[in-house]
């Protein structure tokens with residue numbers, strides 16, 4: 001290395017060992033997507049100009065496992081609380097704002113929508129100024145949103161606090177958390193990403209029960225203050241220990257014309273199209289199932305249990321999805337998970353009216369849906385490289401946010417009511433149908449790139 005490269009490596013907080021470098025010739029610029037790390041050879045996009053560049057290979061372990069643990073912790077609290085929104089929605093609809101089902105549903109969907117849509121823009125800052133700064137700043141917004149919601153009295157207060165403010169904080173942290181594990185791993189990329197993102201499933205499992213019990217014992221306002229403390233400590237701890245890994249040895253990532261060209265590749269365009277369609281239905285079961293359970297003669301505690309089981313199954317789905325994705329192909333498994341999620345929704349939930357059938361549905365849906373969401377970042381890394389992964393992940397989940405923000409309100413608006421009873425069939429058809437449309441896009445993507453292909 002020359003002195004300039006040595007200084008760049010020294011700026012990394014946890015530098016890889018010299019044995020983790022690959023020397024690549026005939027590259028026009030340092031671009032991780034232009035070479036195959038497994039073979040150590042230039043990719044087809046390499047220029048004819050001669051130059052020598054030393055690139056760092058992902059260590060496939062080491063401090064990478066600490067990064068995975070920090071991502072798990074962040075997702076446990078930040079996303080675990082968001083994935084338990086259905087408990088708050090059922091409480092607010094019944095007790096705080098009676099009968100305003102559609103209006104209340106916007107609180108949770110605003111949080112998801114802002115997290116994903118604004119996260120696409122915040123990914124640019126995360127890549128440039130560092131993950132630690134973004135996550136620590138986000139922790140203030142997320143916990144502040146919970147505290148502000150605890151003092152809210154009008155529904156628009158909740159839109160601003162538990163919706164937008166919480167979502168903005170999550171938008172700062174989420175692109176960093178999603179991208180980090182895939183940067184540190186190659187052969188175990190799917191597994192690492194699956195473990196990191198599975199924290200949201202465990203968090204949803206825990207917080208679904210905790211929130212229901214806290215609401216019953218100390219009221220929802222004190223519950224929100226307790227949640228603020230938990231999520232603040234978890235996110236600050238995550239921010240202090242997370243590290244970025246760059247194949248060039250530099251900390252900052254600069255957006256270039258090459259990055260914009262990457263976003264025009266068929267793999268990326270098909271990816272965001274499939275994610276867009278799937279996202280309209282993906283989050284809706286999390287938000288509607290507690291109310292669905294109560295409207296089908298189950299108790300609030302059973303509704304909370306259903307939501308908890310869904311999140312628990314999602315944990316295993318995220319973990320298993322990454323593990324099997326490494327073995328059978330990330331694109332292959334993404335297609336399978338989306339298709340299975342659509343089928344279980346249309347075939348099982350459509351006709352579920354008892355607790356045992358609902359339990360079967362949430363377990364199957366949690367496994368398949370959890371697998372889908374955990375595979376998005378690894379698929380992007382596999383198909384497009386990791387040099388601008390934070391930005392690619394941010395924009396992909398930004399597209400995901402459009403569907404997640406609009407999906408539940410649309411599904412709620414499709415409900416019909418007769419004799420004081422809500423009919424969910426049109427809503428369920430919309431949820432399953434949009435995911436089925438997404439599966440068709442991923443089927444075409446598999447045709448274009450191959451189930452295990454690393455480039456088009």
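Residue 1 is the first one shown; counting continues down the chain.
Placed from the backbone N, Cα and C atoms, the Cβ positions cover glycine too.
These come from TrEMBL:
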type: REGION; residues: 1-22; note: region 'Disordered'
type: COMPBIAS; residues: 1-14; note: compositional bias 'Basic and acidic residues'
type: DOMAIN; residues: 50-450; note: domain 'Major facilitator superfamily (MFS) profile'
type: TRANSMEM; residues: 63-88; note: transmembrane segment
type: TRANSMEM; residues: 103-127; note: transmembrane segment
type: TRANSMEM; residues: 134-152; note: transmembrane segment
type: TRANSMEM; residues: 158-179; note: transmembrane segment
type: TRANSMEM; residues: 191-211; note: transmembrane segment
type: TRANSMEM; residues: 226-246; note: transmembrane segment
type: TRANSMEM; residues: 267-284; note: transmembrane segment
type: TRANSMEM; residues: 304-324; note: transmembrane segment
type: TRANSMEM; residues: 331-352; note: transmembrane segment
type: TRANSMEM; residues: 358-381; note: transmembrane segment
type: TRANSMEM; residues: 388-406; note: transmembrane segment
type: TRANSMEM; residues: 426-445; note: transmembrane segment
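The transmembrane segment (191-211) makes no contact with the transmembrane segment (388-406): fewer than 3 of their CB pairs lie within 8 A, with pairs spaced 6 or more apart in sequence. Panel annotation: around the transmembrane segment (226-246), residues 12-14, 16, 56, 58-59, 63-64, 66-67, 69-71, 73-74, 76-78, 81, 130-132, 134-136, 138-140, 142-144, 146-147, 150, 173, 176-177, 180, 183-184, 207, 211, 214, 218, 253, 387 of the same chain, lying at least six beyond its termini, place a Cβ under 8 Å from a Cβ of the stretch. When each of the listed stretches 63-88, 103-127, 134-152, 388-406, 426-445 is scored by C-beta pairs under 8 angstroms to the transmembrane segment (331-352), 426-445 comes out highest. Through the fold, the transmembrane segment (358-381) approaches residues 178-179, 181-183, 189-190, 193-194, 197-198, 201, 268, 271, 275, 278, 282, 285, 289, 292-293, 296, 298, 306-307, 309-322, 324-325, 330-331, 333-334, 336-338, 340-341, 344-345, 348-349, 352, 389, 392-393, 396-397, 400 of its own chain, all at least 6 residues removed from its boundaries and within a Cβ separation under 8 Å. Mean pLDDT, taken over the domain 'Major facilitator superfamily (MFS) profile' (50-450), works out to 83 on the 0 to 100 scale. The transmembrane segment (63-88) makes contact with the transmembrane segment (158-179): 3 or more of their CB pairs lie within 8 A, with pairs spaced 6 or more apart in sequence.
Counting only same-chain residues 6+ beyond the ends of the transmembrane segment (134-152), those with a CB under 8 A from a CB of the stretch are 74, 78, 81, 122, 125-126, 158, 160-173, 175-177, 220-222, 224-225, 227-229, 231-232, 235-236, 238-240, 242. In this chain, the transmembrane segment (388-406) lies in contact with the transmembrane segment (158-179); the count of Cβ pairs under 8 Å, excluding pairs fewer than 6 apart in sequence, is at least 3. Counting residues 6+ beyond its ends, the transmembrane segment (267-284) has Cβ neighbours under 8 Å at 109, 112, 334, 338, 341-342, 345, 369, 372-373, 376, 379-380, 383-384, 392, 395-397, 399-404, 406-408, 410-411, 427, 430-435, 437-439, 441-442, 444-445, 448-449, 455-456 in the same chain. Counting same-chain residues at least six beyond the ends of the transmembrane segment (426-445), those with a Cβ under 8 angstroms from any Cβ of the stretch are 267, 270-271, 273-282, 284-285, 288, 331, 334-335, 338-339, 341-343, 345-346, 349-350, 403, 407, 410-412, 414-416.
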